[in-house]
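Each remark here refers to the structure printed beneath this line.
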Amino acid sequence: MNEKKLVGEKAAEFVKDGMIVGLGTGSTVYYTILKLGERVKKGLSIKGVPTSIQTEKLARECGIPLTNFREIEQIDLDIDGADEVSSELDLIKGGGGALLREKIIAKAAKQCIIVADSSKMVKQLGEFRLPVEVTPFGCEMTEKHIRTLGFLTELRLSTDEPFVTDNGNYIFDCSYTKGYDPKKIEQELNMIPGVVENGLFVGMADLVITVDHDKKIMLKE
Ligand SMILES: O=C(CO)[C@H](O)[C@H](O)COP(=O)(O)O
């Protein structure tokens, strides 16, 4: 079985009857959502809060009832993927472009489980370029300010046009020449006018489900 399927399906075991569940975005949590759909068909009663339009569509196809922040106060459990997971369990997310909704939902959750195949596990964050979501208005100036923090920036494209997030924004994929302090950089980026959110998730993961060399499930907390 591939690693994404192993960890994705494992996460579905943590979902209990009656829970409000944050449904992440990406090819790993895809397997969690399929598994939850199977469990719902067998009688599991949950409501999902999707982190993207893509996940909303998938959850509907799987028959998972959905809700939103107009109807709920809190999320019991959020399950999502990641692009990098450090030894401190800090994350880079947003490879799929859903970082803003993902962070809102992770912050609203009592517990946050991350599903990550072994390629995502790193000692220190930074090899994966950090996605930074910005408003289209003034993005040229916002980019200059991001660069003054020491990043190289590249506007994410979809074919020849700027990639547009579910929130109508753009993304700069940002690389850094040396290691950075995730907590400090997360805050500094979000102080720049025009930056809506960045893909650093510091101290948000309660549990990471991954696999070791023998493809055995490992739980890290
Ligand atoms: O942050 C994300 C989307 O914005 C995803 O969780 C992240 O990109 C991991 O995706 P995948 O499971 O497909 O590797």
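Note that the numbers count up from 1, one per residue, in the order the chain is shown.
Just so you know, glycine gets a Cβ as well, placed from its N, Cα and C.
Automatic, uncurated: that is what TrEMBL annotation is.
Since we're looking at a predicted model, the values are computed, not measured.
Annotated features, as they stand in TrEMBL:
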| type | residues | note |
| --- | --- | --- |
| ACT_SITE | GLU102 | active site, proton acceptor |
| BINDING | THR25, GLY26, SER27, THR28, ASP80, GLY81, ALA82, ASP83, LYS93, GLY94, GLY95, GLY96, LYS120 | substrate binding site |
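In space, LYS93 is the closest of the binding-site residues SER27, LYS93, LYS120 to the residue listed as 'active site, proton acceptor', judged by Cα positions. GLU102 (active site, proton acceptor) has a Cβ environment of 30 other Cβ atoms inside 10 Å.
Highlighted in sequence order, GLY24, VAL29, ALA98 have their Cβ within 8 Å of the centre of the Cβ atoms of THR25, GLY26, SER27, THR28, ASP80, GLY81, ALA82, ASP83, LYS93, GLY94, GLY95, GLY96, LYS120, the residues recorded for substrate, and are not part of that set. In this structure the residues listed as binding substrate are THR25, GLY26, SER27, THR28, ASP80, GLY81, ALA82, ASP83, LYS93, GLY94, GLY95, GLY96, LYS120; their two most distant Cα atoms lie 15 Å apart. Taking every protein chain shown into account, LYS93, LYS120 are the binding-site residues, and of these the Cβ with the most other Cβ atoms within 10 Å belongs to LYS93. Spatially close to ASP80 (substrate binding site) yet at least six residues away along the chain are GLY22, GLY24, THR25, GLY26, VAL29, THR51, LYS93, GLU102, ILE105, ALA106, CYS112, ILE113, ILE114, VAL115, judged by Cβ distances under 8 angstroms. A C-beta separation below 8 Å, combined with a sequence spacing of at least six in one chain, links SER27 (substrate binding site) to LYS4, GLY81. A sphere of 10 angstroms centred on the C-beta of ALA82 (substrate binding site) encloses 30 other C-beta atoms. Here GLY95 (substrate binding site) comes close to GLY26, ASP83, PHE128, PRO131, GLY199: these same-chain residues lie at least six apart in sequence, with C-beta atoms under 8 angstroms from its C-beta. Note on THR25 (substrate binding site): other Cβ atoms within 10 Å of its Cβ, all shown chains, come to 29.
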